[in-house]
Each structure stands twice: as C-alpha cells, then as structure tokens.
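For reference, the structure is listed below as structure tokens.
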Amino acid sequence: MRVVIAEDSVLLREGLARLMELGGMEVIDTVGDAEALLRSVERDCPDLVVADVRMPPDQSDEGVRAALLLRRSHPDLAILMLSQYVEERYAVELLTGETRGIGYLLKDRVARVDEFLDTLKRVVEGGTALDPEVVSQLLVRRQSSELDTLTPREWEVLTHMAEGHSNGEIGRLLFLSDGAVSKHISSIFTKLGLPPNDTHNRRVLAILKYLRENGKD
Amino acid sequence: MDTATTPAGRGRIGPLTVVGALWSPATWRALTHLVTGGAIGLVAFGALFTLFIAGIAGAPSIIVPLVAGSVILTLNNALTVLQRSRHRAYLHLDLPEGGLPLRFSINPRKLLEQFGDRKTWSRLAYHSIGSVAGPIAATIAVTAWVVGLSLLAAPLFPIDGPTEWNPFAFSAIGIVVLLAAPWTTRGLAAIDGLMATRMLGTSRSDELERRITHLAASRDSTVDAADAERRRIERDLHDGAQQRITALAINLGIARSTLTDLPEEGRRALAGAHEEALQAMEELRDLVRGLHPAVLEDRGLDAALSAVAARSPVPVRVKVDVPGSRPPRDVETVAYFMVSEALTNVARHSGATKATVDVSQRGSVLHLVIADDGNGGADPGGGTGLRGLADRVRSVDGTFHLHSPEGGPTTIEAELPCAS
C-alpha cells in the first residue's frame, strides 16, 4: 500500500507519516501543496492519498479541487480528505457520483490512532468514511418531514450508515444484532421512500443523495 | 470670551476705566467689528432683497423661485461662514469653524429639506436683521466718534454765525460724547455678538448629535480592535499550540498502540497521557472556536451555523437564506455568536426537544429567529448569557427581542442592520 501525504503543517505531516507506517503502509512522498500533490500522483501512482482541504497558496479549498481532479483521472485511487472544520458542501461534492474509496474526516480524528487506522483501512478497501459531524450537519439542513418520523434508534442507525459503516459495524457500535440492524435499515428506507439497495456503497450514496436533496438549495 | 466685550465691565467703573476705554484694544476691535458688520449688512441687504423680490415676482415660472431659493441658501451659508469668522476674529466668540456646503442645487426636494431645517431659518433671520441693523449700528458708532471728536475740536475752528454758544461748551459736550462712544460701540457689538451666538452658533441638539457620532465611531473602532485581536489570537493558536498538541496526541497514540509489552503501570500511564492529550486538543479547539471560528472567517455564516447546530445535543434545524454577498464581518460575528449562545441556552436550560434557527436577509437587514419547544421562562437578567446576547446585538445597532413565557416556548429574534 503506497501513500502520498499532502499537508502543509510539517508537524502534522510527520505525525501522519509515522501513523501510516504504523498501519503498515509505505509513505512514498509527502508534499505541502496541491500542485505538488498532482505531480506526485502522476509520477508515483500511489494507492492512497491523504490530503488537507486547505493548502497553500490560498489556504482555501485547493485540496478538495485537487481531489476532484484526481477522482476523474485516477478512478481507482483512494482519497482521504482531512479538514480543520467540516464543510458538508465539500463532502457532498467528493461523494457525488462514485463513493468508492473516499473519506472526509476532521483532523482531530487523526489523534484517535486506532479508530483512524480502521477508517483508513475502510477507505483503502473501497469503502466510504464520512466524519460524524458531516452527517450531523447534513441532518441539520433537513427540510423533509419524513426524517422526523424516524425513531431515535433509526436516527442513530441512519447516522452511522451515512458515515459509511457496514451493518456489522453498526451492530457493534449500537450493540444490536445483525438482524435488528437490517430491520431498522429497511424501515428507514421505507420511511424515506428510498428504493432498497443491497450493496453497501449504493446504500450510502442513496442516503447522502437523500440528505443533500432534502437539505438546503 | 474676552471680558472686555461684555457691556461695561460691570461694577468696576472708575474714572480710569472710562477714559482708558478710549484706547482699549477691545473698543477698537468692537468698532472694526461694527464697521465690517455694516458693510457686510449692506451687501447682504441688497442681495437678499433682490433675490426675495425676484423669487416673488417670478413665482409663476416656478424655475425662478427655485433658482432664487437656491441662491438664497447658498448665500445664507456663505454669509454664515463670513459672519462667524468676523465674530471669532473681533469678539473672540466661540463659534464653529469650517465651511458649510456651498453646493448650488435646484432640486426641489433638497431645497425643501434645507428650508425645513430650523437652523437655516435662524441663520437667515440673523442675516436679514443684520442687513438692516448692521449698517444702522455701524452708523451710530461711527457717528458717536465723529461727533465727539468734532465737538471737541470746535474751539480750533471758530464758525461765524449767530451762535451765542461758547466753543468750549461744545468741547465739553464733545468730551461727554467721546467718553460715551467706546461704551456705545462695545454695547452694540455685544448685542450683535449675543445674537450671533444664539442664531449662528451650534444648538444643544447639534452638539449632542456630534457627540453621538463621535461616540459611535469610537465604539466601532473599539469593537473592531477587539475583533481583530481575537482573530489574531485564533490564528496564533491554530498555527502554533493546536498543531503541536495534535502532533503530541498522534505520537502518544502511536506509542500506546505499539508499546504493548510495557508493564501494566507504563501502559496505563501512556493511555492516560494519550487521553489527556485528546482532551486538551478538544478543549483548545473549543476555546479557539469561541474566540473566532475559522469556518466563519473562511466560509461565512451559512457553513458556520450548520456546524454550531450540528454540535447541539438538542436536534436543531437550520435554514439560512442570505442571497448575494456576505454581510459585514462584525454582523456575521454577532449573528454567529448569538446563535451559538442561544443554542447553548436551549441545551442547558430549556428542556426543549427540538429547536430551529432561521436566518434571512431582507433588504439590508439580517433577520435571526431562534426558537425552541422548551419550558420558557428565560430571563434576560438571569445571567444565562442572554444579557450578553443583547449587548452583542446592540454593538452593531441591532434590535433584540426575547419572548419566553412560563411554560414556553421560547423565541429569540434579532435584527441586525447590514449597511456597510
């Protein structure tokens, strides 16, 4: 597993590199801006990119823009975005279309080493990882009354589902049996009027699409 | 004010004062004052009279009275500036310095606006009275001096005639007139000065208005400086301590995951250190967010508010409708902290099960409504941060309403003007 890290803070960059190595990955390059990231991916063809949303020169959304470019040019590349604060717009942009191998996390999560490595693994294996705060921000924008018909338990399941967890993981996190999780999920899909989906990524996509469409704009 | 300009230094009139007044500078300044006043009065009389008659005579044409009115206003301002400087120079009166607008406009609305102002009329009244009284006062003063001197000099120029008056009697009368002349001069000047202070000076409401403008400006700059300082501290913490403590937490996390063969004691200490570091990270982040949230600075109110709402333990629904460009920075900051504080209150005190935040911009006013379904009874004096909210809103000249009857629900409304 070959990784490129794009992060302009040297301290965090070094910490991330050490973490990756701990997770058994090979850090082939560390860069400090989006231009260098694009060049590095062209040259070294990594399997995973971990990139900051804000990077020089503008400290704006260079990282997200680079990630969107890479998404098109290297569809198999797994990407994990790190951000100082959550912006659901970016998360949604990144997840539009294809949700394979993509993650969007707050930087603070990195320090929870074990959890972070689990998330990283999920992304590398082609899954999705959405920061819990992204999901709760999407839910804050809800304009649909259907969401309000969810039971608190279904609400929790929906949140974890949107974060990209599998049935098994949701069961573990909420102390539920697989059967109970499946029952909640089908109930959620029925209440929201979504077509039932068998594959995990399609399911996440359906939920996010729903949240986005019933949110602002 | 120069004491010499008060009419006859009251209570201390000795022979020396009376005679000394003849060559006192105050007397000669007063005389110059009256003479210049007379000259200005003559010109003003001619101009104002002509304009007034022209305006009346040309009334049917509409345009003529408009032009005449506008010229009168311009002349009024010019004369005011001139007269004020005359009073300052000769009588040392404390009248406002600086020019008045001399813009010439025949826009009827602007004319009406100016003619609707009491100050315009009081100045015009001064110039009208002055145009008649000024020349008269100047004549009286000058006459007193000329007659006094002439009579005094009578014995030098014997006149042939049927007079039986002793020329020295003329001289005696001349001396009396001459001694009275300074006081006449100064008295007249003082009356003029009194009128000018009343009619050309600043009124109390002007003075208050000026002070309010001044205070508002100094308050704004204090608020701006405080905001800038918070932003600076936020940047410093973010670039320094926050990065370092994150790196520390990562390293402790790595150590915790890898050093699994440490004695129990050591592993516990390491785990404790890691948790402490995570806790410190979180506290520092909250502190930084409380100072000035980066998301607000970078992405604006919309993004910042959904983050605040998402962190609330009570489910919140947010709707932000602010089309067009971002509101001014201070207004955004007030709106952000207002929602943030209000939602903290909802979570702590209201017992609500849900809350809503609505932000919309109508015209140049940002309208905020924060509502919950809790128990109500929120008291702005109760020290629940509500007073702080109201203060913040006032700092940008906004309005703040709290509606929270016992039993609920609670609604907080604020209107923040966005005029930049």
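The backbone N, Cα and C atoms fix where each Cβ goes, and this holds for glycine too.
Quick look at what TrEMBL annotates:
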DOMAIN    B:33-200  domain 'Putative sensor'
TRANSMEM  B:34-56  transmembrane segment
TRANSMEM  B:62-82  transmembrane segment
TRANSMEM  B:124-148  transmembrane segment
TRANSMEM  B:168-189  transmembrane segment
DOMAIN    B:336-418  domain 'Histidine kinase/HSP90-like ATPase'
Checklist entry - In terms of Cβ proximity under 8 Å, which residues at least six beyond the ends of the transmembrane segment (B:62-82) contact it? => result 40, 44, 47-48, 51-52, 54-56, 99-106, 108, 111, 114-115, 120, 123-124, 126-127, 200
Item to check | Distant-in-sequence neighbours of the transmembrane segment (B:168-189), which means Cβ under 8 A and at least six residues beyond its ends | outcome: 4-5, 7-8, 18-19, 21-22, 24, 26-27, 29-31, 33-34, 90-91, 137, 140-141, 144-145, 147-155
Checklist entry - Using DSSP, how many residues in the domain 'Histidine kinase/HSP90-like ATPase' (B:336-418) fall into helix, strand and coil? => result 25 helix, 31 strand, 27 coil
